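Q: Reproduced below are the annotations present in TrEMBL:
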{"type": "TRANSMEM", "residues": "14-33", "note": "transmembrane segment"}
{"type": "TRANSMEM", "residues": "53-72", "note": "transmembrane segment"}
{"type": "TRANSMEM", "residues": "84-107", "note": "transmembrane segment"}
{"type": "TRANSMEM", "residues": "128-149", "note": "transmembrane segment"}
{"type": "TRANSMEM", "residues": "161-181", "note": "transmembrane segment"}
{"type": "TRANSMEM", "residues": "193-211", "note": "transmembrane segment"}
{"type": "TRANSMEM", "residues": "239-258", "note": "transmembrane segment"}
{"type": "TRANSMEM", "residues": "279-302", "note": "transmembrane segment"}
{"type": "TRANSMEM", "residues": "339-362", "note": "transmembrane segment"}
{"type": "TRANSMEM", "residues": "382-402", "note": "transmembrane segment"}
{"type": "TRANSMEM", "residues": "408-432", "note": "transmembrane segment"}
{"type": "TRANSMEM", "residues": "503-526", "note": "transmembrane segment"}
Amino acid sequence: MDELVQKHFSAVDYVIFAVLLVASAGIGLYYAFSGGRQRTTQEFLLADRSMSCLPVSLSLLATFQSAVAILGAPSEIYANGTQYWFLGCSYFLGLLIPAHIFIPVFYRLRLTSAYQYLELRFNKTVRICGTVTFIFQMVVYMGVVLYAPALALNAVTGFDLWGAVLAMGLVCTLYTTLGGLKAVIWTDVFQTVVMFAGQLAVIVVGAHQAGGISEVWRRAQNGSRIAGLDLNPDPLERHTFWTLGVGGIFLMLALYGVNQAQVQRYLSSRTEKEAIMSCYVVFPCQQIVLTLGCLMGLVMFARYGEDSPLDKGYVSSNDQMVLYFVMDVLQDLPGLPGLFVACLFSGALSTISSAFNSLATVTMEDLIKPHFPAMTETRATLLSKGLALAYGLVCLAMAYIASLMGSVLQAALSIFGMVGGPLLGLFCLGMFFPWANSVGAVSGLLAGLVMAFWVGIGSFVSRFPAAVPSTTAPDVGNLTTVASFVKAKTRPTGLNALYSLSYMWYSAHNSTTVVVVGLIVSLLTGKPRPMPHPPRATAEKNMPLTLMLTIGPMKEKDVTPGTVYPILGNLLFFLPERYKEKLCCVTPLEDKVQGCIRLHAIDKSGGFGLVTVNPKPVF
């Protein structure tokens, strides 16, 4: 057969798919008309800081497990073997570092938007730069993550393309706009269960049809799909233990450490301890998800071997192979194809709803509230809901633009990964290096973005003629998908070597660029001008509060307390005190700060008031 084959849903499949959408919308309606009814921005944007560990952790997992990952991971394993499984080695540090470094800083500052931290640490310019970068990242990505699964479903089953796009987009917009973050989190919990059920159903039935899991493993071994530990340190190799296990740590930090969608979930937790525990709970869940993706890829290989549906022309791209396999394996079991499609669209819904809510939050807190400090709580809440609705409509528009991109779709998806690295570098610069100033922060972010787009787009353009058609690497942080290209037989040199850098190193490379450039510029931009401590909000409520721009390398005493994590002081504990002071390694958080710094109301000038409560060391 040499033309694309379409398989069709039964009535039961349509019913199961509809139940997913109705249940998701129902959760949003429930939280819109019960409890606090989302009447305040704290309720709408942060679930009134009342969430427990389990729903937060499952929501973190659902945001990570996008539809692109569900489609991409099994295809990657089928085509290239199980080397990708070693990405799981990066999960440990990728979650341990956010749990014990990023979460304590963000949670104790009582932030709503992660980018408020950038103004506390640097100034308003840095905050706006970070916010705009994040908005660009999410707007581009969410249209593609909505369109890609709908396109695959349409190609394999004939399911109406724009019907699926509109159904997902409108339902997601509905429950995010009405129910706020609490609805998003509880819907994520429901969708996570559906994702697990859908993947397990396919693996169990597929393995049974292949003769059992032992037969699946035997065929995979015979087909050289079971990969050993590849310790090749070459950063140009697409997947090795080092690219996946070490480069993956930076990808995980960009997602779980500083991404607003995830930070918002930490901040919605009832206590800091529960926020930290949510990271620990995600770790085994992610390992299970990764293993399920690998098993599905092996079951696919056991069924088709080297004679893939793509080679036969049954599908037109690797993105469609998983859906074709599901429809092929489950064609005699009405309801199970619908369950897997519900699983696939659950991944898309969880990712998109997180994007809507986080975009509404940063737009409200970083771009609107500072200019309208007298805005009432009721009006702010209504505006937040309006922003969520507006971003929902933008998402549908971006899905339409994605449909016009054709092969550029791969480049659009990789933007998420390219932008995440520089943002990670910006937060690390502020949190770990007390002498970094605002001029260095802006310069570092711009340098990181330039480097990210230079390498990312240069890689895509330089290899495009030799690309394997539409072969997709899986989403690795919710969020990075790149084309898999035919490897050159000779090692690239010069700029081609830079363009051949494994996409798994993008985040590490770009974040390091931000830190190095930021530190150099901070040290070269003149003498430091002391930054006065802002007056306490409790004593002088009506005084304008501003955080002055400091020109030159900062000193620890000039940094807003609570915004620097004492990592240098901990690492260089063996140095005499006088040397640690010169290197800004004393970190005055423990000895000199007499309380937990909390974010106070934004005053008329848009600055921050800092108040101390619960006298105890910050760290």
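Any Cβ shown, glycine's included, is placed from N, Cα and C.
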Q: For the transmembrane segment (14-33), could you work out the same-chain residues 6 or more beyond its ends whose Cβ comes under 8 Å from its Cβ atoms?
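A: Distant contacts of the transmembrane segment (14-33): 167-168, 171-172, 174-180, 182-183, 186-187, 190-191, 194, 335, 338-339, 341-342, 345-346, 349.
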Q: Same-chain Cβ contacts of the transmembrane segment (339-362) under 8 Å, 6 or more residues past its ends?
A: 9, 13, 16-17, 19-21, 24, 45, 59, 62-63, 65-71, 112-115, 131, 134-135, 138-139, 141-142, 145-146, 149, 153, 159, 164, 168-169, 171-173, 175-177, 180-181, 184, 187-188, 190-192, 194-199, 201-202, 259-261, 264, 323, 326, 330, 384-385, 387-388, 391-392, 395, 478
Q: Looking at 53-72, 239-258, 382-402, which one has the highest count of Cβ pairs under 8 angstroms to the transmembrane segment (161-181)?
A: 382-402
Q: Under a Cβ pair cut-off of under 8 Å, which of the recorded stretches 53-72, 239-258, 279-302, 382-402, 503-526 contacts the transmembrane segment (193-211) most often?
A: 279-302
Q: Same chain, outside the transmembrane segment (279-302) by at least 6, Cβ under 8 Å from its Cβ: which residues?
A: 53-54, 57-58, 60-61, 64-65, 69-70, 73-78, 82, 84-85, 87-88, 91-92, 95-96, 98-99, 103, 195-196, 199-200, 202-203, 206-207, 210, 215-217, 219-220, 223, 225, 256, 321-322, 325, 474
Q: Tell me if the transmembrane segment (239-258) touches the transmembrane segment (503-526). I count contact as 3 or more CB pairs below 8 A, with pairs 6 or more residues apart.
A: yes
Q: Taking a Cβ cut-off under 8 Å, which residues six or more beyond the ends of the transmembrane segment (382-402) line up next to it in the same chain?
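A: 38, 41, 44-45, 139-140, 142-144, 146-148, 150, 165-166, 169-170, 172-173, 176-178, 180, 352, 355-357, 359-361, 363-364, 368, 375, 409, 412.
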Q: Counting only residues 6+ away from its ends, which parts of the chain sit with a Cβ under 8 Å from the transmembrane segment (53-72)?
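A: For the transmembrane segment (53-72), the nonlocal Cβ contacts are 145, 148-149, 152, 184-186, 188-189, 191-192, 195, 199, 255-256, 261-262, 265-266, 268-269, 274-275, 277-279, 281-282, 285-286, 289, 293, 319, 322-323, 343-348, 350-351, 354, 413, 472-479, 481.
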